[in-house]
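Quick look at what Swiss-Prot annotates:
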{"type": "CARBOHYD", "residues": "Asn32", "note": "N-linked glycosylation site"}
{"type": "BINDING", "residues": "Asp46, Asp47, Cys86, Asp353, His354", "note": "Ca(2+) binding site"}
{"type": "CARBOHYD", "residues": "Asn58", "note": "N-linked glycosylation site"}
{"type": "MOD_RES", "residues": "Cys86", "note": "3-oxoalanine (Cys)"}
{"type": "ACT_SITE", "residues": "Cys86", "note": "active site, nucleophile"}
{"type": "CARBOHYD", "residues": "Asn125", "note": "N-linked glycosylation site"}
{"type": "BINDING", "residues": "Lys145, His301, Lys378", "note": "substrate binding site"}
{"type": "ACT_SITE", "residues": "His147", "note": "active site"}
{"type": "CARBOHYD", "residues": "Asn258", "note": "N-linked glycosylation site"}
{"type": "CARBOHYD", "residues": "Asn344", "note": "N-linked glycosylation site"}
Amino acid sequence: MLHLHHSWLCFRSWLAGMLSVLLGLVPSASSNISTSRPNILLLMADDLGIGDIGCYGNNTMRTPNIDRLAEDGVKLTQHISAASLCTPSRAAFLTGRYPVRSGMVSSIGYRVLQWTGASGGLPTNETTFAKILKEKGYATGLIGKWHLGLNCESASDHCHHPLHHGFDHFYGMPFSLMGDCAHWELSEKRVNLEQKLNFLFQVLALVALTLVAGKLTHLIPVSWTPVIWSALWAVLLLTGSYFVGALIVHAGCLLMRNHTITEQPMRFQKTTPLILQEVASFLKRNKHGPFLLFVSFLHVHIPLITMENFLGKSLHGLYGDNVEEMDWMVGQILDTLDMEGLTNSTLIYFTSDHGGSLENQLGRTQYGGWNGIYKGGKGMGGWEGGIRVPGIFRWPGVLPAGQVIGEPTSLMDVFPTVVQLAGGEVPQDRVIDGQDLLPLLLGTAQHSDHEFLMHYCEGFLHAARWHQRDRTTWKVHFVTPVFQPEGAGACYGRKVCPCFGEKVLHHDPPLLFDLSRDPSETHVLTPASEPVFYQVMERVQRAVREHQRTLSPVPLQLDRLGNIWRPWLQPSCGPFPLCWCLREDGPQ
């Protein structure tokens with residue numbers, strides 16, 4: 001027996017030695033990471049629903065290029081945006097922090113930046129991952145949508161410009177696409193402004209007529225001065241109501257290259273080729289790396305600008321055409337990487353800034369996305385349909401192909417992940433809410449580092465998620481929007497559901513869902529149906545209190561003072577509103 005035991009010990013020692021030698025000869029993924037810094041390509045869609053993509057369950061929309069990323073990489077199925085609208089979500093993405101920390105929220109209903117000529121924007125004291133990567137020697141570029149502010153005190157100070165937030169190069173829209181850019185019926189601003197101007201015109205016209213009648217009949221002792229002024233203002237308001245659509249197009253629908261306006265207003269038939277041309281140029285120019293390129297697609301936000309060769313090709317109308325065109329754009333970018341020999345040295349990430357819009361509807365025609373099995377959509381801070389988004393990472397030879405991860409992750413996680421990959425350090429002077437995803441992506445960790453995630457609507461906490469490891473994921477809703485009509489799952493007749501006021505419900509006790517068994521949030525749990533109801537509520541409430549203690553008061557960038565149009569802040573390539581320029585000719 002002793003002889004057998006001794007032989008077994010010898011064999012085990014020999015086996016351990018051989019394994020050590022073999023492991024020393026075979027480089028691991030983690031050792032590859034430690035010895036090389038990848039190029040980083042971030043792709044973000046605008047308003048894309050998680051159910052719009054083939055690899056997330058859509059079998060009628062053709063997205064072969066995005067699907068290929070998932071086949072060759074890692075797909076996240078519980079990937080969460082920090083906000084359900086673009087401005088706060090993008091601020092959180094770039095900084096790794098809840099938007100309430102940077103003040104990129106509102107308390108009065110102005111949930112995104114409303115104008116290019118507003119003073120609000122991503123504060124200059126916020127640190128983006130682009131700033132850190134630039135300091136680490138990366139060439140940094142942003143192509144596409146910004147929508148995080150531009151100017152503070154003058155039309156040329158560009159205090160919120162991407163070039164002041166760590167990007168070496170910018171080409172795209174400082175603002176955002178909107179229905180008004182194409183004079184759509186689905187208008188974000190024009191219709192509302194026309195109604196206000198017409199109302200004020202009627203009031204002033206009535207005042208002027210009353211004063212005239214009173215003066216002529218000697219019933220109102222008044223001079224002609226107030227009569228003339230009220231009549232003049234009435235005429236100006238009437239004129240403004242007729243031209244407000246054109247003013248909005250010139251004010252917001254423009255393209256910039258770095259600090260220079262290149263198109264005002266934009267020629268949409270050339271926009272997609274221009275974006276692709278710019279991406280290819282950046283990749284070729286910086287192929288010796290390392291580089292960080294953030295491609296922030298204008299797709300699939302209304303007015304769904306689509307090239308002629310994609311019109312009518314999908315099974316889902318103009319929205320489907322636009323999604324399929326965006327997927328084609330992804331394919332063109334992947335082809336450029338292949339041609340430049342950059343595929344294996346580039347980490348690619350694909351996502352959307354939030355869920356698809358359900359309220360983008362005219363008659364029976366839907367112009368917004370599909371959020372699959374998840375309740376709600378764009379603008380709803382708590383429901384999964386507004387915040388659960390695609391999340392795909394691909395890095396050939398490093399990340400396992402075809403991997404699917406169901407752990408809770410966040411858009412905010414991109415910040416610490418790319419900073420770590422670049423050899424940088426996450427700031428220690430502020431709270432960073434994102435977590436490094438590398439251990440999860442590589443398979444060296446089985447669980448997400450997010451135990452809790454908070455779900456805000458503007459500055460109001462609507463819900464919280466508790467990931468109870470090895471058990472389940474709980475979701476607690478404190479506030480939910482009132483759907484119109486009741487049970488419709490959306491707020492039809494409005495642009496988005498509100499965050500506060502009469503059109504929301506405050507729940508006491510809060511609503512509880514088990515997302516692991518009920519991802520569609522259809523079965524509300526009660527103390528009678530869930531034995532640990534009170535324990536879950538107590539633990540989540542405690543986590544909320546702990547989170548709130550980490551918040552500090554900051555100026556709200558999206559409130560009224562920072563979110564009104566100021567003529568002296570309006571970027572223009574000529575005297576506004578008589579501005580028109582075309583400084584670059586796109587592909588023919």
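Placement of Cβ uses the backbone N, Cα and C atoms for every residue, glycine included.
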Residues Lys145, His301, Lys378 [recorded substrate binders]: greatest CA to CA distance in Å: 18
For Asn58 (N-linked glycosylation site), the number of other Cβ atoms found within 10 Å of its own Cβ: 20
Least buried by Cβ count (within 10 Å) of the glycosylation sites Asn125, Asn258, Asn344: Asn125
Sorted by sequence, non-Asp46, Asp47, Cys86, Asp353, His354 residues with Cβ within 8 Å of centre, Ca(2+): Met44, Ala45, Leu48, Leu85, Ser89, Arg90, His301, Ser352, Lys378
Close in space, distant in sequence - His354 (Ca(2+) binding site), Cβ under 8 Å, 6 or more apart: Asp47, Ser81, Ala83, Ser84, Leu85, Cys86, Ser89, Lys378, Gly386, Ile387, Val389
Additional residues around substrate, ordered along the sequence, whose Cβ is within 8 Å of the centroid of Lys145, His301, Lys378: Asp46, Asp47, Cys86, Ser176, Leu177, Val300, Asp353
Candidate with sparsest Cβ neighbourhood (10 Å radius) among Asp46, Asp47, Asp353, the listed binding-site residues: Asp46
Which of Lys145, His147, Lys378, all recorded positions, has a Cβ with the fewest other Cβ atoms inside 10 Å: Lys145
Among Cys86, His301, which are binding-site residues, the residue with the most C-beta atoms within 10 angstroms of its C-beta: His301
Candidates Asp46, Asn58, Asn125, His147, His301 (recorded positions) - the one closest to Asn258 (N-linked glycosylation site) by CA: His147
Asn58, Asn125, Lys145, His147, His301, Asn344 screened against Asp46 (Ca(2+) binding site), Cα within 10 Å - retained recorded positions: Lys145, His301
For Asn125 (N-linked glycosylation site), the one of Lys145, His147, His301, Asp353 that lies nearest, given that the recorded positions are compared by Cα: His147
Conformational class of Asn258 (N-linked glycosylation site) under the three-state DSSP mapping: coil
